[in-house]
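Undergrad: Sharing a structure with you now.
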Amino acid sequence: MTQCDARLPQGGVKLADYTTWRVGGAAEWLAEPASLDETQAWIEWAAHQGMPCRVIGAGSNLLIHDDGLPGLSLCLRKLQGLQLDATTGTVEVLAGEPIPSLARRAARAGLHGLEWSIGIPGTAGGAAVMNAGAQGGCTAEWLESVRVVPLEGGNCFELQRHQLDFAYRHSRLQEDNLVVLSARFRLQPGHDPDELKRVTTANLSHRTTTQPYQQPSCGSVFRNPEPLKAGRLIEEQGLKGTRIGGAEISTVHANFIVNTGDAQAKDIAQLIHLVQDRIEAKHGIRLHTEVKRLGFASAA
């Protein structure tokens, strides 16, 4: 018997309130664990009930269908906490810790490595799954290991960096049915905290002035077809400002789709397809998304 048997998760919760895009239908069930034990208990509960379990993390990089999601949706935004060692550069962080918080804490301790991540709207766990990156940096450079548990339940175990098959905006965690519980980073100690603060402040300023920071979005929608830039390709097609329903290709940065106030997930999905079709017709390149779709026929 688990600690979840005496109670039920929340039913019929609108997932739009749990995503950075502010779209999505209701979850059949929603749980917000605040500890590792509670997270594992909810996963075991879903397995015992024979229902699907999906991790929505803190709701960034996700597009959830307007019809919502069956089974248990696991929101990890309350699973926060970190411990750092300013001497060795080791940082142990729970999966729901916001990336900007992690970057600031590391900088204050004189630990170099995560200054690039200051404006990323996600969590440590999500960064590991997506190999999040910005401004020339990426998670794979600094991540040492992750602690995971199978979505179908079972014992947690550790995966080292070399086991994660990191590539551009990719890790094996995107294919495996594993939930990231915590992560360990190995940063460079001994740096001047004031200088690191200056760099993080400059990086954040750059993001807020070149991206639609004040509007609901998922961050970058498309992966760059290296060495080309997705945003540049989209802008060259004159697609900035293109709107379907309440969803709009940002006039600030073309690789962002923003919710202007009343968007639905279907509007965003249609805009994504419009961009993909237009770029493929012009350049023969099919842009792939960074965002993960839940409840749709296709997850990418």
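Cβ atoms are placed via backbone N, Cα and C, with glycine included.
For reference, Swiss-Prot lists these features for the protein:
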- R169: active site (ACT_SITE)
- S220: active site, proton donor (ACT_SITE)
- E290: active site (ACT_SITE)
- 22-190: domain 'FAD-binding PCMH-type' (DOMAIN)
Undergrad: Any idea what the Cα distance is from R169 (active site) over to E290 (active site), rounded to a whole Å?
TA: 7
Undergrad: Validating a neighbour-count step here. Other CB atoms within 10 A of the CB of E290 (active site): how many?
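TA: Taking every protein chain into account, the count is 19.
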Undergrad: Take the C-alpha atoms of the residue listed as 'active site, proton donor' and E290 (active site) and report the distance between them in angstrom, rounded.
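TA: That comes out at 7 Å between the alpha carbons.
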Undergrad: Mean pLDDT across the domain 'FAD-binding PCMH-type' (22-190), rounded to an integer, is what?
TA: 96
Undergrad: Which of R169, S220 has the fewest nearby Cβ atoms, counting only those within 10 Å, among these active-site residues?
TA: R169
